[in-house]
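Down below is the structure, laid out as structure tokens.
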Amino acid sequence: MTRIGTPLSPTATRVLLCGCGELGKEVVIELQRLGVEVIAVDRYANAPAMQVAHRSHVVNMLDGVALRAVIEAEKPHYIVPEIEAIATATLVELENEGFNVVPTARATQLTMNREGIRRLAAEELDLPTSPYHFADTFEDYAKAVADVGYPCVVKPVMSSSGKGQSLLRSDADLQKSWDYAQEGGRAGKGRVIVEGFIDFEYEITLLTVRHVGGTTFLEPVGHRQEKGDYQESWQPQAMSPKALAESQRVAKAVTDALGGRGLFGVELFVKGDQVWFSEVSPRPHDTGLVTLISQDLSQFALHARAILGLPIPVVRQFGPSASAVILPEGQSQQTSFANLGAALSEPDTAIRLFGKPEINGTRRMGVCLARDESVELARAKATRASQAVKVEF
């Protein structure tokens, strides 16, 4: 039975969040609504989730010693990773010592890099994926490309938001794609995955919740990417019954193998009735921001309930919905957003401004949300709202 105490008292139920971006911010808000004491940790000050947590610490989360020191001092009941770039070996040690890592330390370790999760899906679970090879050197990479054939995709095994990812169509792309992957990798130069290109019709995120009552699948989320970054998402994505059933089968197999409780974002490629596994995040997904307007319980509310062992008897869908990012380019530590009245002038629209403390280049600073009679109308409405927002530096 779940018991939640009083924040900032000896009975408090404490959650320590590792990573404090816009997704973590929404998770903190949902935990706050349930009376949880939240400690936010990230590598820079005033990150979005820190602004709504009870307190925060600035720590390099790839530094296992520093991360352990904060966790041992705070003694949280739950450790909730919000990003991949964490000293996962330290999380494994802490879990073995009795700390509760969400969903599990193994899940955070396997999904920290593309190799662990790809080998689990393809080699252990025998799920359909694109053909792939891993490579550490340019020579091995060139051989992997020759084996996989053109067109193919190269990605660093460790990166986020599509950084370092590119499509190769001929030998002319070999060197520049290698260089781009090396620049985009989170740990600097290093290992890459070369994948055969799947001629898919569309890609989806199947948000999957493992909770005290079993597994719940949300309506499939369609999305559009540019340079590996999500630009817009919508729900529900139209699919054949066979493709939806296969997507749920694949998602359940992967999330069961990772274990624990929480929300997972399972990324899949779809063509007709065929489905291929791509990646999985053991946490809320950026494309799932659409659930802030599409459902009675957003992906963040569902994650909070699942973590705390609270039931999820039903999730109600409100109708066709979409999200469109606010993605300015500039340099500032005092960004302002204007023309919000125009952006919110249509019915069934909403805006989330993330409160990121600075921008240096292109950065996702907010998202516009919309609901309408069809996905097409919702997408158009969300895009109009996003384009109406004026970002001032």
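Placement of Cβ uses the backbone N, Cα and C atoms for every residue, glycine included.
Counting every protein chain shown, the number of other Cβ atoms lying within 10 Å of the Cβ of Arg364 (N(1)-(5-phospho-beta-D-ribosyl)glycinamide binding site) is 20. For Glu22, Leu23, Glu82, Asp286, Lys356, Arg363, Arg364, the entry in Swiss-Prot reads N(1)-(5-phospho-beta-D-ribosyl)glycinamide binding site.
If you look up Swiss-Prot, you'll see Arg114, Lys155, Ser160, Ser161, Gly162, Lys163, Gly164, Gln165, Glu195, Gly196, Phe197, Ile198, Glu203 marked as ATP binding site, on the strength of sequence analysis. For Arg114 (ATP binding site), the count of additional Cβ atoms within 10 Å of its Cβ stands at 22 [all protein chains shown].
Residues or ranges marked as domain 'ATP-grasp' by Swiss-Prot on the basis of sequence analysis: 119-308.
Marked as Mg(2+) binding site by Swiss-Prot on the basis of sequence analysis: Glu267, Glu279. Under the three-state DSSP scheme, Glu279 (Mg(2+) binding site) falls in the strand class. Around Glu279 (Mg(2+) binding site), taking its Cβ as the centre, 18 other Cβ atoms fall within 10 Å, counting all chains.
Rounded to a whole number, the distance between the Cα atoms of Ser160 (ATP binding site) and Glu267 (Mg(2+) binding site) is 14 Å. Cα distances from Glu22 (N(1)-(5-phospho-beta-D-ribosyl)glycinamide binding site) to the binding-site residues Gly162, Glu195, Phe197, Glu203, Glu279 are smallest for Gly162. All chains included, 22 other C-beta atoms sit within 10 angstroms of the C-beta of Glu22 (N(1)-(5-phospho-beta-D-ribosyl)glycinamide binding site). DSSP gives Glu22 (N(1)-(5-phospho-beta-D-ribosyl)glycinamide binding site) a helix state. Mean model confidence of the domain 'ATP-grasp' (119-308) amounts to 95 (pLDDT, 0 to 100 scale).
All protein chains considered, the CB of Glu195 (ATP binding site) has 21 other CB atoms within 10 Å.
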